[in-house]
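Sequence annotations record features per position, and here TrEMBL assigns transmembrane segment to 177-196, 216-235, 255-275, 476-495, 605-627, 633-656, 677-696, 708-728. The domain 'GPI ethanolamine phosphate transferase 2 C-terminal' annotation in TrEMBL covers 395-711.
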């Protein structure tokens, strides 16, 4: 009797339809029981009454009032009155007044003309009546007049709360469809232009022609622009709610309408040109001998399958499983290609390949309009097999055959390091075992973690230094020593001679020591790149410069990664080394195929790091490495780099690899850049359409929206990478318009 009463709340986050679905908006999916059990309630007698229908948002306000806590500032729910129905009239009026005051303040912050809102008007009337009731109450008037007035005020408050909550809920669930549609149209126009440009962009000349000048002077452009401006005026003048695009300046609006019109005219012009070229007779008709390989089919099927999976919330939550499946399948396909090139090459095929060289001249002429970036017989599987048979000799042959299986083993070990996603995120993994804490300062397996970190840093040095200059090698070695010193300073790892972790600091000096070497290595690489562009056209200088920039980024990733994640960086470098030497060079894949393989592995390593499509897995601590306090720009850069280190390192490695392959067509880097941009654009554009269509889905804010934020940041990173590709690929032998 003397203790405070307890409360048991039984509820569900969603219901389920007859077919088992729980993500839609049918009655069975959105209705769920809500039960309050407490000794503070009066005992019910008699038959059960019809349960009251409340909103899920009402739960936060009710629990806050019942526990004596402030109602959350942005809560749009109202008090479930039966929970406090047993209290005195004064307490009941106080509770509903608190809820009404909070909702009215929220309405004032979000609505310019809040005074005209019916809910706000009702609340002010109820508040005035409440003041009259308090005057009677203070006069100790316990008559029936006080009771009747209290019931009247309570009814006014409840009506005001219902109206205010409904008005605020409509604002939350109301989407700015006009602005969303304008953005979606621009994105889909850009994607369509990229898809139409594929034949030209992947030809030997690497032409990406976007005819913007011609549409700007056409009648169709101005007609379309005037129509769009008229539609904009009609929509903005008739809109009842606020619209972001309508609130922009007219100069910006006119510019956006001109962009939409120009893109549409460019698409029509490109389609007309393609249709016109298909009807013209060719001067030197050559029968195409190129067919789709198994790798091409896998790439197409994997891309389409991944894009389609983005329409399901469960596939987004467990997207890492999709990428793990795709790279495993890719490794098995590469194993088949290696076996075919090593064991299925017969003597008669070799004789036939000699006779095929007589037609090499005509093949070279046809390569102008094909996706070819390696010379002569590279477009035929027979020629590819011949070159790979000559390349792989002796022990390298067996290492090459074993390389896909080595990669599969590495990927399996990485999956055990970090559990991610939603369904199995709670299961123990090797990373949790290494970082398990006994107390605030003592780790249960700190010795094992220290040994793993030291070995990983040594392996990173040996995998990266092979193509660096002597100065960069020394800087890399000292930088990796600084990485271990930083982790030891903050107490993550220990030195062999250290027995405790009492002297723990922020490690600011050690981290800045590493930053100096990162900047030094990147500066050295940038200097070589500028030298290759301005002074000499030596490809070896450019290749060395690119690799040193890549090495600097690897050193930065080693600093920002947590110690248990350093093996992810090791396996990343190891897989890149193995695939470069024993798979890509022997099999002579073209730049488009290699670019897509890099993209797939980059996506897989994003999840190998322990990332997911939920905001909670972002390692914010990486943004404070080497900083005494929060500094916005460095913190954002470091956090984004640490999160997207996997895709970023694979993209830069693609540029290093294509630039170092002198046997390839000079347009290989342009092919790689275009394919990488296209592979990023397709899922993003389709996902924006899907999110718009599923905006009323039950998990739109918990699953789809965080994924959209990840995609947005990834698009910015890809744009920066493509600009870097374009800056490096300043080659006069082909043009990019």
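Residue numbers in this text run from 1 along the chain shown.
Even glycines carry a Cβ here, placed using N, Cα and C.
Here the transmembrane segment (633-656) touches the transmembrane segment (708-728). Their Cβ atoms form 3 or more pairs under 8 Å, with each pair 6 or more residues apart. Outside the transmembrane segment (177-196) by six or more residues, the chain places 210, 235, 239, 243-246, 256, 259-260, 263-264, 266-267, 270-271, 274, 674, 677-678, 681-682, 684-685, 688-689, 692 with a CB less than 8 A from a CB of the stretch. Taken together, the residues in the domain 'GPI ethanolamine phosphate transferase 2 C-terminal' (395-711) have a mean pLDDT of 89 on the 0 to 100 scale.
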